[in-house]
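Engineer: Have a look at this one.
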Amino acid sequence: MMPAMRASLILGCLLIIGPWAILAENPLPTIFPDKDELVQALHSSFTLKCTGESEVSWQNPNSNPEKQNVVIRSEENNSGLFVSILEVSDASAFDTGLYTCYHNHTQTEESEIEGTDIYIYVPDPNVPFAPPGLFDHIIVVEEDESALVPCRTTDPSSEVTLKNIESSRTVFAFYDSKQGFAGNFPPGSYICETTSNKMVYQTEPYILQTWKATHNISVEMEAPKTMFRAGETIAIDCIVLDNEVVDLKWTYPGKQRGVGIRNVEESKVPYQRLVYTLTLANATTEDSGEYECAVIHATLDNRVVKKTNITVHEKGFIDLEPMFGSEEFANLHEVKSFIVNLHAYPTPGLFWLKDNRTLSENLTEITTSIVTTKETRFQSKLKLIRAKEEDSGLYTLVAQNDRETKSYSFILQIKVPALILELVDKHHGASGEQTVGCLAKGMPVPDVEWLVCKDIKRCNNDTLWSILATNGSEISMETHQDDEQIESQVTFKKIEETMAIRCIAKNELGVVARELKLVAPTLRSELTVAAAVLVLLVIVIISLIVLVIIWKQKPRYEIRWRVIESISPDGHEYIYVDPMQLPYDSRWEFPRDGLVLGRILGSGAFGKVVEGAAYGLSRSQPVMKVAVKMLKPTARSSEKQALMSELKIMTHLGAHLNIVNLLGACTKSGPIYIITEYCFYGDLVNYLHKNRDNFQSRHPEKPKKDLDIFGLNPADESTRSYVILSFENNGDYMDMKQADTMQYVPMLEMKEPSKYSDIQRSLYDRPASYKKKPLSEVKNILSDDGFEGLTVLDLLSFTYQVARGMEFLASKNCVHRDLAARNVLLAHGKIVKICDFGLARDIMHDSNYVSKGSTFLPVKWMAPESIFDNLYTTLSDVWSFGILLWEIFSLGGTPYPGMIVDSTFYNKIKSGYRMAKPDHATHEVYDIMVKCWNSEPEKRPSFRHLSDIVESLLPMEYKRCYETVLHDFLKSDHPAVTRMRSDSDNSYIGVTYKNEHKMKDRESGFDEQRLSADSGYIIPLPDIDPVSEDESGKRNRHSSQTSEESAIETGSSSSTFIKRDDETIEDIDMMDDIGIDSSDLVEDSFL
């Protein structure tokens, strides 16, 4: 046959046989009777027979669990077919439905049944509708799609009506008794209705819902891990977004073995999300392979498949893949990286070693990093930022997990140019032999060679250098080398003339050379002597410089008091009087032989204060107990000038009840002595500490722990010393050292109270109520007779007297600059006296003073403008007065308790921090402190205003008592008063200001008016008006002199009583023993 004809014949056969061959391969079973539907009578029986080429099964509609009337059995057929018989007895409405026979091998778990169908009706007049399925009453369809209401009837001839419950209207639609009503129905509730035996029957409501279906399917597969070890759990998520009308099928290696748990979770926030999870616990290597999830749209022919590969290892592993060799090189200062790739599971821990020691993570020029490139792929990088010579060494990367540890090591060599470490001349003494050593290093190790130049003056010409020739007798050479260095030595048996020798070291990175001059032995000794002299000279110069620096940094004594001469127009610059330009009146001079010194009351870095007895200082008091200020014998000239300045300022100021008054001075034929009043009770801080246990306050139950503000332990009170000005050195107050008992000269004490304070002590022991008190409560306030306790009235009295004393200093344009309780003394009668005790205080070791350059400053007492701008005025003294007021009402507490003077302290002062009210202060007293601590100096009250405020808190009787004591003082023959009175008859008493608004002018500006009471030195003062005699009687404050009518004529000190040469202080003490009243001979202070 022709080939073309044969091909056509074969193709035709295929076309004819092909479809039958396909049908023959998958034929459907056969049901007998061979009909589409049958109607069976109620309670009858029927049989269905199914025949197939393989095993067959039935799907029947019987949904009544209580009636087991269906029997299925198999029969054998001689033709080799498989036969299944379905027998139904006592048929009922529950048996109405579709019966399907199918081959078993054609069905899967998730596929629809494909077989041969027959529909059976069993009419029941009482049950016109076939029983519905479990979920048939909920109908969900896509928008604009046809819906099926499955109200099937048991009788095919029944007429059925569909009604909408909400509208109660009949819905016209196509009806099939095997399926129900089909059509496009709006959402709502529907019922089916039919009539049987003249009765109307209705179904349960059918709920119809529609949704807008998404045609697109968005699927994501998430597998946190794709690599596992045997025994771990595999978890894979298949996520469907924005579509819930889908079906999902898993395909994976373990599905045939029935392993795996499949779950689904749905969330609608923030968007529609279906998460299908496949979980396989205790994975094995058989679970390795491809995992697939197929998502199929429920109503559309859409399908999306996602796949991933899972690998399960029997155990963990680590594989290292270095990108470099076992020995590497890097140039000096080169940036170089070394990378190692890793394939490992589980994730390993990685670290680098250098010379078997862990590389520190804080290195700045060697960094390590780890990057994960894939799930089981990693990359570790060692990077040299600027390679250094010391970076050479053995580097090791160690990788380890819970099952395995692996490492990779390599040697790194840093190439370094040749470098000569030292070139030395080793002289061998008298033999004349000299050895020159050259030590060099580099990587690679350099080679060394020697050159010599014998014409020493022309060695800068390289052509005169020649290679050093060695011979065994005169010149020899030795070389020693290790892995890093090389040392070459040249030995000369004898050098007869000076020459230069050059060492050259070279390797592949560079060449370096150093030269050395070799000197003949005869010249060496001369050079040695010259060098020794030069070194000695340098040492001497350095020592002198150090001594000068130490001398300049040593603190110098300076008087704190300053007298203002003028002020700049803007008020920010003050010009102070140079005390050395003030005159010194010789009338203050007192003969040295009239002064007997006793024990030391206090000593400091610059001087001391000594108790003394002055003979002939006063006409009415032949012997007076005094305090004598003097410098130490080692004092410098600048400190002598400072003490002389203090003397001149005191003579300029004049006398006042509330300052420590000058009594005399010894300035000739010996050291300078300043003689001042002696105050029996010492400084105010000491007095407050001593009497704080006897303080009568509104809070007598206050516990002892409140003493912590003083930095003291109450249990130690019995051991604390309170003798005049002698204190224990606790660092809080003056470093007053106890005097040597061998130096002590006994002083006479008064036998009766002073005639200027002969007023009994008040019984007033309660806080001032600031109302007028009866005379019986305030009588004899200024006396210290009898009871040793303290009251709030005493504290107000101290405050008032300090304010009066500072008012007097302010009227003299005097700025104190160190106003504090330690610089306030207490005399008999509780008379307060302001002083400057800096000379006798060890301020270098006093915590109240802070070093600033060559001086020490009491920072905690200073105003902000003094601390930060070095500006001292009367208004800055007002700030210090507020601090002193806090000290008084805290009974001697240290200001800013618990705070040290540092940057934090300064910042707090700048930001407006102020101390809280002390325990014993009333709100009125604390208000005074706050006014004194105003950050703007011009808004602080003046001392005159402060005196008025405190005076208003005191009883009127106290004011009268104080004015009486002041008046008696100014009329007395006190040496300070008489010397000033003899200078001028113009009284200080009664000087006042024209207007109240000029109070600020007293601190901030002065005119050209001058007082004649200033010892002849002219100081500018504000405008003042003299007052009348009546006004003078009402306010007698400021006088440092009395009027001519009350003046007591006195002579100079040279005409007063002089101590006999053979008389001692001990002789005076004996006067009491023989009945002589010494009270007229000794005046304790001026009282």
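Every residue, even glycine, has its Cβ placed from backbone N, Cα and C.
Dumping what Swiss-Prot says about this protein:
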type	residues	note
DOMAIN	27-114	domain 'Ig-like C2-type 1'
DISULFID	Cys50-Cys101	disulfide bond
CARBOHYD	Asn77	N-linked glycosylation site
CARBOHYD	Asn104	N-linked glycosylation site
DOMAIN	118-211	domain 'Ig-like C2-type 2'
DISULFID	Cys151-Cys192	disulfide bond
CARBOHYD	Asn216	N-linked glycosylation site
DOMAIN	217-309	domain 'Ig-like C2-type 3'
DISULFID	Cys238-Cys293	disulfide bond
CARBOHYD	Asn282	N-linked glycosylation site
CARBOHYD	Asn309	N-linked glycosylation site
DOMAIN	315-409	domain 'Ig-like C2-type 4'
CARBOHYD	Asn356	N-linked glycosylation site
CARBOHYD	Asn362	N-linked glycosylation site
DOMAIN	417-519	domain 'Ig-like C2-type 5'
DISULFID	Cys438-Cys503	disulfide bond
CARBOHYD	Asn461	N-linked glycosylation site
CARBOHYD	Asn471	N-linked glycosylation site
TRANSMEM	531-551	transmembrane segment
TOPO_DOM	552-1087	topological domain 'Cytoplasmic'
DOMAIN	595-970	domain 'Protein kinase'
BINDING	Leu601, Gly602, Ser603, Gly604, Ala605, Phe606, Gly607, Lys608, Val609, Lys629	ATP binding site
REGION	1017-1064	region 'Disordered'
COMPBIAS	1039-1057	compositional bias 'Polar residues'
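Context for these features, please: burial, neighbours, distances.
Structural biologist: Taking a C-beta cut-off of under 8 Å and a sequence gap of six or more, Cys101 (disulfide bond) has these contacts in its own chain: Pro29, Ile31, Leu48, Cys50, Gly52, Val56, Ser57, Trp58, Ser84, Gly115, Thr116.
For the recorded site, Asn77 (N-linked glycosylation site), the DSSP three-state label reads coil.
A simple way to gauge crowding: the CB of Asn104 (N-linked glycosylation site) has 11 other CB atoms within 10 angstroms, across all the protein chains here.
Mean pLDDT across the domain 'Ig-like C2-type 2' (118-211) comes to 92 in this model.
Neighbour density for Cys192 (disulfide bond): within 10 A of its CB lie 24 other CB atoms from the protein chains shown.
A coil conformation is recorded for Asn216 (N-linked glycosylation site) in the three-state DSSP classification, outside any helix or strand.
Around Cys238 (disulfide bond), taking its Cβ as the centre, 27 other Cβ atoms fall within 10 Å, counting all chains.
Less than 8 angstroms from the CB of Asn282 (N-linked glycosylation site) sit Gly231, Thr233, each of them six or more residues away in the same chain.
According to DSSP, Asn309 (N-linked glycosylation site) is assigned to a strand segment. The number of other Cβ atoms within 10 Å of the Cβ belonging to Asn309 (N-linked glycosylation site), over all protein chains shown, comes to 11.
Around the Cβ of Asn356 (N-linked glycosylation site), 9 further Cβ atoms fall within 10 Å across all displayed protein chains.
On its own chain, Cys503 (disulfide bond) has Ile420, Leu423, Val436, Cys438, Ala440, Val448, Trp450, Ser488, Ala513, Arg514, Glu515, Leu516 as residues at least 6 apart in sequence with a Cβ closer than 8 Å to its own Cβ.
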Engineer: Find the member of 27-114, 118-211, 217-309, 315-409 that has more C-beta pairs under 8 Å to the domain 'Ig-like C2-type 5' (417-519) than any other listed stretch.
Structural biologist: 315-409
Engineer: To the nearest whole angstrom, what is the C-alpha distance linking Cys238 (disulfide bond) and Ser603 (ATP binding site)?
Structural biologist: 93
Engineer: How many whole Å apart are the CA atoms of Leu601 (ATP binding site) and Asn471 (N-linked glycosylation site)?
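Structural biologist: Distance (Cα to Cα, whole Å): 88 Å.
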Engineer: Just the number: how many Å between the Cα atoms of Cys151 (disulfide bond) and Ser603 (ATP binding site)?
Structural biologist: 121
Engineer: Tell me the Cα distance separating Ser603 (ATP binding site) from Cys192 (disulfide bond), rounded to the nearest angstrom.
Structural biologist: 122
Engineer: Just the number: how many Å between the Cα atoms of Asn104 (N-linked glycosylation site) and Asn356 (N-linked glycosylation site)?
Structural biologist: 70
Engineer: May I ask for the distance between Asn461 (N-linked glycosylation site) and Asn309 (N-linked glycosylation site), taken between their Cα atoms and rounded to an integer number of Å?
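Structural biologist: Their Cα atoms are separated by 79 Å.
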Engineer: So, in DSSP terms, is Cys503 (disulfide bond) helix, strand, or coil?
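Structural biologist: Assignment for Cys503 (disulfide bond) reads strand.
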Engineer: Would you identify the secondary structure of Asn461 (N-linked glycosylation site) according to DSSP, in three states?
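Structural biologist: Note: Asn461 (N-linked glycosylation site) is coil by DSSP, not helix or strand.
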Engineer: Against the domain 'Ig-like C2-type 3' (217-309), which of these stretches has the most C-beta pairs under 8 Å: 27-114, 118-211, 315-409?
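Structural biologist: Comparing 27-114, 118-211, 315-409: 315-409 has the most Cβ pairs near the domain 'Ig-like C2-type 3' (217-309).
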Engineer: Taking Cα atoms as reference points, rank the recorded positions Asn77, Asn216, Cys293, Asn309, Asn471 by distance from Val609 (ATP binding site) and give the first.
Structural biologist: Asn471
